[in-house]
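Participant: Shown below is the structure under consideration.
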Amino acid sequence: SGVVERLEENGHENKRLKRDADEEDAEDQNKKSPKRKIVLLMAYSGKGYHGMQRNVGSSQFKTIEDDLVSALVKSGCIPENHGEDMKKMSFQRCARTDKGVSAAGQIVSLKVRLIDDILEKINNHLPSHIRILGLKRVTGGFNSKNKCDARTYSYMLPTFAFAHKDHDVQEEVYRLDKETLERVNKLLSCYKGTHNFHNFTSQKGPRDPSAKRYIMEMYCGEPFVRENMEFAVIKVKGQSFMMHQIRKMIGLVIAIVKGYAAESIMECSWGEEKVDVPKAPGLGLVLERVHFEKYNRRFGNDGLHEPLEWTEEEEKIAVFKEQYIYPTIINTEREEKSMANWLSTLPIHDFNSSAVEMQTNNKNSKNSSDLEGSDGCGDDSD
């Protein structure tokens with residue numbers, strides 16, 4: 001019996017030694033894979049998430065980065081302790097999209113081990129509504145937020161949002177006429193250039209220099225029909241955006257086109273007086289792409305680095321939007337009627353009220369959606 005016990009012990013010992021050796025081999029392999037600074041091109045449907053940015057220690061509010069970091073650890077790109085302290089991998093997102101907001105071209109920069117089949121391995125550990133569509137090597141000091149010259153967002157909305165308030169509109173059959181679309185685009189083009197957008201966020205005073213923002217373009221495309229309802233997409237490109245800014249820019253144009261506010265309110269909103277600017281729903285807001293023009297000019301053709309352009313990934317981006325982003329916006333709009341419900345609140349806004357009246361009203365009507373901060377363009381609204 002003593003001989004048998006010794007044999008069994010030796011068997012267990014051999015298995016343990018083999019397991020330890022395997023783990024050491026894996027560790028050696030990871031050590032041999034040097035860490036490199038890269039950017040990842042991400043697309044995601046934001047419904048059900050409390051935004052992009054991870055809140056370490058706040059597990060009840062799930063974010064896109066929670067799923068991303070988990071996939072990076074499981075795929076072997078980063079060690080587990082880097083997932084707990086994201087500074088260790090020099091992680092930076094380009095735009096901090098907020099609750100419910102989607103992205104077709106989000107960029108994150110980080111240091112990873114460049115393992116074989118890296119994109120496939122990361123995607124294997126992600127849900128289907130979050131995809132890594134591309135990867136590029138970048139300079140060691142690259143920071144996706146600081147190096148970004150501009151961001152382009154889109155906002156998809158049902159066109160009945162532009163129907164005049166005095167018209168009895170059936171949402172399913174409403175179709176936007178050419179004259180109304182022209183008026184919408186005339187108003188949207190007024191945002192181009194540099195303006196003081198302190199009235200378009202809750203975080204800046206009228207004399208705060210950072211409230212001035214530069215808008216490069218803003219327009220509404222031709223309408224199209226999906227599942228018997230007509231939609232249109234507004235595109236806006238700017239250097240950076242403050243929290244709620246895009247939704248308020250769109251909300252004010254809707255209020256003017258519907259006949260609740262005079263066109264002159266737009267000019268007033270850039271002045272020092274407080275103006276009541278309505279905030280359109282978060283559903284429909286999508287981070288389309290981020291631009292790195294200065295970086296591309298300096299490093300894009302230096303022979304060592306690639307320009308941060310994603311021409312080869314365009315088709316994958318388009319397919320993802322058709323599969324996950326547009327259906328989510330359309331179905332949620334039909335089921336939850338977020339635009340229709342928001343439009344019914346426009347009459348309670350006082351577009352002629354004084355600053356004193358507004359401050360009183362704001363104190364009395366702090367609603368839950370404001371507390372959630374449900375917006376998509378908190379690029380630098382810390």
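Each Cβ is built from the backbone N, Cα and C atoms, and glycine gets one as well.
In TrEMBL, annotation is done automatically, which means it is predicted and not curated.
Relevant sequence annotations retrieved from TrEMBL are reproduced here:
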- Asp98: active site, nucleophile (ACT_SITE)
- Tyr153: substrate binding site (BINDING)
- 1-14: compositional bias 'Basic and acidic residues' (COMPBIAS)
- 359-371: compositional bias 'Polar residues' (COMPBIAS)
- 191-293: domain 'Pseudouridine synthase I TruA alpha/beta' (DOMAIN)
- 1-33: region 'Disordered' (REGION)
- 359-382: region 'Disordered' (REGION)
Participant: Could you round the CA separation between Asp98 (active site, nucleophile) and the residue listed as 'substrate binding site' to a whole angstrom and send it over?
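Facilitator: Cα-Cα, rounded: 13 Å.
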Participant: Please give the average pLDDT for the domain 'Pseudouridine synthase I TruA alpha/beta' (191-293) in this predicted model.
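Facilitator: It averages 95.
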Participant: Just how many other Cβ atoms lie inside 10 Å of the Cβ on Tyr153 (substrate binding site)?
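Facilitator: Counting Cβ neighbours of Tyr153 (substrate binding site) within 10 Å gives 26.
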Participant: By DSSP, how many residues in the domain 'Pseudouridine synthase I TruA alpha/beta' (191-293) are helix, how many strand, and how many coil?
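Facilitator: Once the DSSP states are binned, the domain 'Pseudouridine synthase I TruA alpha/beta' (191-293) shows 26 helix, 33 strand, 44 coil.
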